[in-house]
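Structure, as structure tokens:
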Amino acid sequence: MQQNKEPQNASQTSVIPEKSALYPAHRFSVAPMLDWTDRHCRYFLRLLSRQTLLYTEMVTTGAIVHGKGDYLAYSEEEHPVALQLGGSDPSQLAQCAKLAEERGYDEINLNVGCPSDRVQNGMFGACLMGNAPLVAECVKAMRDAVSIPVTVKTRIGIDDRDSYAFLCDFIETVSVSGGCEAFIIHARKAWLSGLSPKENREIPPLDYPRVYQLKRDFSHLTMSINGGIRSLEEAKAHLQHMDGVMVGREAYQNPGMLAAVDREIFGTASAGADPVAVVRAMYPYIEGELSRGTYLGHITRHMLGLFQGIPGARQWRRYLSENAHKAGADIKVLEEALKRVADKR
Ligand SMILES: Cc1cc2nc3c(=O)[nH]c(=O)nc-3n(C[C@H](O)[C@H](O)[C@H](O)COP(=O)(O)O)c2cc1C
């Protein structure tokens, strides 16, 4: 890692992996986002970037073990894809990790960052940060059950336990006792009471220097940074300090940013530079889903931001929002919406 370089120099440098990092796919990932990064969304994002590591929404162990649906369903095209699990029962987590490995997932990630009440009642998410030995036990149980990487996504602190020493103790315990070799650090502490999860995505402020320090102090671990990253320029600046960046809201709301990731971050050819071609490349997938009874709108809701910054973007968004949920809506709706984008070919 080039830890001493100033972030402002980064935009001039091509950020190509310098070493065979333990988990090279971590250079750039899209964050797990409940209700957003479902399998339709991930299929779509994959058309924009071949290399980006995609995370599922959090899936609870309870849903997998006791639920009626297939919560592990995904498309082969999504690889590399990581399953994020929510839970704190080591044996259930191990069981779910095993099932996920059998289904072909590339990584298991444990959620130690979500602050919502529902999550706390189930004793998982960010509140687990207060119980590092249990997180270590969970990671160890999963690692013993599978051979794919087991990673942890966490915060820089919870409530008033926000000292750097607390964070280091957590990482030390989970890496040494649990064997975790890769962490994603959301650079904002979690408030477990008094703030909604939405508010807790803006407050309190982000602390990037603390995350950089953590990487320096645990240089043998693979560490990605998350929180508030809005552009590939910013991502490259973080990569001067970190092994990887994870982008959440910006990647979802402005998915076009992913089109340059393969070239700019991974140093390979770009997958999906032309947004119109990306829309049309979705058609076979959409046809297949429609024939299985999926509503068009459940897929196209993830595509609304694709033309951000291009003339006609608003009309694209509006046409899809108004028409994709209608009974019988099909590919014709997308073709009509494309006509409203000035940049169409
Ligand atoms: C709609 C939404 C749902 C989210 N769901 C999850 C989740 O299931 N698991 C998780 O670890 N984080 C979840 N998060 C947090 C994100 O993974 C990420 O840590 C956070 O949005 C900060 O990154 P960003 O500033 O790039 O968006 C969610 C965030 C959003 C906006």
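Note that Cβ sites are derived from N, Cα and C of the backbone, with glycine treated the same way.
What TrEMBL lists as domain 'DUS-like FMN-binding' is 30-340.
Neighbour density for N226 (FMN binding site): within 10 A of its CB lie 25 other CB atoms from the protein chains shown. According to TrEMBL, the FMN binding site annotation covers P32, M33, L34, Q84, K153, H186, N226, G227, G228, G248, R249.
A strand conformation is recorded for N111 (site 'Interacts with tRNA') in the three-state DSSP classification. A 10 Å cutoff on Cβ-Cβ distances gives N111 (site 'Interacts with tRNA') a total of 24 other Cβ atoms nearby, all chains included. Annotation comment: TrEMBL describes N111 (among others) as site 'Interacts with tRNA'.
The Cβ of C114 (active site, proton donor) lies under 8 Å from the Cβ of M58, G86, F124, G125, A126, P197, each of which sits 6+ residues away along the same chain. Residues or ranges marked as active site, proton donor by TrEMBL: C114.
Residues or ranges marked as site 'Interacts with tRNA' in TrEMBL: K198 (among others). For K198 (site 'Interacts with tRNA'), no same-chain residue that is 6 or more apart in sequence has a Cβ closer than 8 Å to its Cβ. Secondary structure at K198 (site 'Interacts with tRNA'), as computed by DSSP, is coil.
The feature site 'Interacts with tRNA' is assigned by TrEMBL to R201 (among others). Neighbours of R201 (site 'Interacts with tRNA'), defined as other CB atoms within 10 A of its CB across all chains, total 15.
The site 'Interacts with tRNA' feature in TrEMBL is assigned to R314 (among others). Just so you know, the Cβ of R314 (site 'Interacts with tRNA') picks up 12 other Cβ atoms within 10 Å once every protein chain is counted.
DSSP classifies R317 (site 'Interacts with tRNA') as helix under the three-state reduction. For R317 (among others), the entry in TrEMBL reads site 'Interacts with tRNA'.
Across the fold, the C-alpha of R314 (site 'Interacts with tRNA') and the C-alpha of R249 (FMN binding site) stand 19 Å from each other. Neighbour density around each Cβ, counted as other Cβ atoms within 10 Å, peaks among the binding-site residues P32, G228 at P32.
In the three-state DSSP classification, L34 (FMN binding site) falls within coil. Taking L34, R314, R317 as the candidate recorded positions, the subset whose CB lies under 6 angstroms from any atom of ligand 1 consists of L34.
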